[in-house]
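Summarising the annotation, TrEMBL assigns active site to His210. The NAD(+) binding site annotation in TrEMBL covers Ala122, Asn180. Feature annotation from TrEMBL assigns domain 'Aspartate/homoserine dehydrogenase NAD-binding' to 7-119. Under the heading domain 'Aspartate dehydrogenase', TrEMBL lists 158-245.
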Amino acid sequence: MRVGLIGAGTIGTYLLDELSRKNDQDIRITSVFVRNLEKYQHLEERYGVQLYTSVDEFLDSSIDVVVEAANVQAAREVLPDIVSEKETVLISIGALAEENFFNKITEIINEKNHRVHLPSGAIGGLDLIENVTEAGIIDTLSLVTRKPAHTLLSEPTDETKTVFEGNAAEAIEQYPKNINVSIALALAGVGLQQTKVTLLADPNLDKNIHSIQVSGDFGTASFEISNNPFPSNKNTSYLAAVSVLGTLKKMTKRINIG
Ligand SMILES: NC(=O)C1=CN([C@@H]2O[C@H](COP(=O)(O)OP(=O)(O)OC[C@H]3O[C@@H](n4cnc5c(N)ncnc54)[C@H](O)[C@@H]3O)[C@@H](O)[C@H]2O)C=CC1
Ligand SMILES: O=C([O-])CC(=O)C(=O)O
C-alpha cells in the first residue's frame with residue numbers, strides 16, 4: 001500500500017520513522033504534501049519520498065491512500081479533493097464536526113465508492129460506543145480531558161482550571177488542536193450536540209488524560225487513557241500517532257478485530 005502523507009509534523013514524522021525503520025513492504029510512504037518545499041527538503045533523501053506543494057500533483061502521484069496529519073483547518077480545505085480521489089485516513093477528525101461539511105464528504109465518498117478511516121487517536125473504546133449506538137441502546141456519553149495547563153493557557157496559575165464545558169461541537173471550535181478525540185467519540189456515539197465535554201488545564205500534570213463515560217441499556221462503561229505526550233509536541237499524545245499506524249495496518253489485514 002503506497003501512502004501519501006499530508007503534514008510532516010509530530011505524527012507525520014513518527015509514521016515516516018516507523019514505516020522506514022521497519023522497512024515495511026506492505027505499507028510505504030512515497031509522497032508527502034507540504035507547504036514549504038525548502039523546509040522539508042531533507043525528507044526526500046532521508047525517507048526516499050517525493051515532496052509536493054500542489055494537491056493535484058500529490059494526488060496524481062502513485063499512491064493508494066492519503067493520510068492527513070496536518071490540522072483541522074488544513075483538513076477542511078483539502079478533504080473534498082482528497083476523498084474524491086483516494087481512500088483517506090483522517091486524524092484531524094474535528095474537520096468533520098460541521099454538519100454540512102460532513103454531509104458533503106459523505107456524498108462524495110458514496111458517489112466515488114471511497115472510504116474515510118478515522119483512527120481512535122488518543123483514546124480507545126470506540127468500537128463499544130459505535131456498537132451500542134448502532135443498536136440504539138446508548139443514553140449518555142461524556143468526556144473529561146485533563147491536559148498540562150501550559151498547553152492550554154498562555155498564563156497558567158497554580159490551580160486546575162476548567163477551560164471548557166459544553167458539547168463536542170463547541171469544544172472543537174474553541175480547541176481544534178486539543179479535542180479531536182471528542183469528535184471521534186461523538187461520531188461513534190450520540191452525536192456532537194449530545195456528547196458532553198469538559199476540558200481541564202492542570203498545572204501539576206505531564207500527561208493527557210481522557211476519561212470517557214458511557215451509559216445505556218447495555219449497562220455502563222468507563223475508560224481512562226493516561227497518555228504520554230510527545231516530547232516534541234506536548235499537545236499530541238504518543239498514542240494518537242500509534243493509532244494512525246494501527247489504522248494503516250488494519251487496512252492491510254483480512255481479519256479485523258473490533
Ligand atoms: N484524533 C486525535 O486523537 C488527535 C488528533 N490530532 C490532530 O493531528 C494533527 C497533527 O498533529 P501533530 O502531528 O502533533 O501536529 P504538528 O503541529 O506537529 O504537525 C502538523 C504539521 O502539518 C503541517 N501543516 C499544517 N497545515 C498544512 C497544510 N495545509 N498542508 C500541509 N501541511 C500542513 C505543519 O507545518 C506541521 O508540520 C493535529 O493538528 C490535530 O488536528 C492530534 C492529536 C490527537
Ligand atoms: O493527543 C491528545 O491527547 C488529544 C488531542 O490532542 C486531540 O484530540 O486533538
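Yeah, the Cβs are placed from backbone N, Cα and C, and that goes for glycine too.
Those TrEMBL annotations? Automatic predictions, nothing curated.
Known features from TrEMBL, placed on the structure.
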residue	record	DSSP (3 states)
Ala122	NAD(+) binding site	coil
Asn180	NAD(+) binding site	helix
His210	active site	strand
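Taken residue by residue, the domain 'Aspartate dehydrogenase' (158-245) breaks down under DSSP into 24 helix, 39 strand, 25 coil. Just so you know, the Cβ of Asn180 (NAD(+) binding site) picks up 30 other Cβ atoms within 10 Å once every protein chain is counted. Here the domain 'Aspartate dehydrogenase' (158-245) has a mean pLDDT of 97 out of 100.
Around Ala122 (NAD(+) binding site), the same-chain residues at least 6 positions away in sequence with a Cβ under 8 Å from its Cβ are Val181, Asn208, His210, Ile225, Asn227, Thr236, Ser237, Leu239, Ala240, Ser243.
With a CB cut-off of under 6 A applied against ligand 1, the recorded positions Ala122, Asn180, His210 are reduced to Ala122, Asn180.
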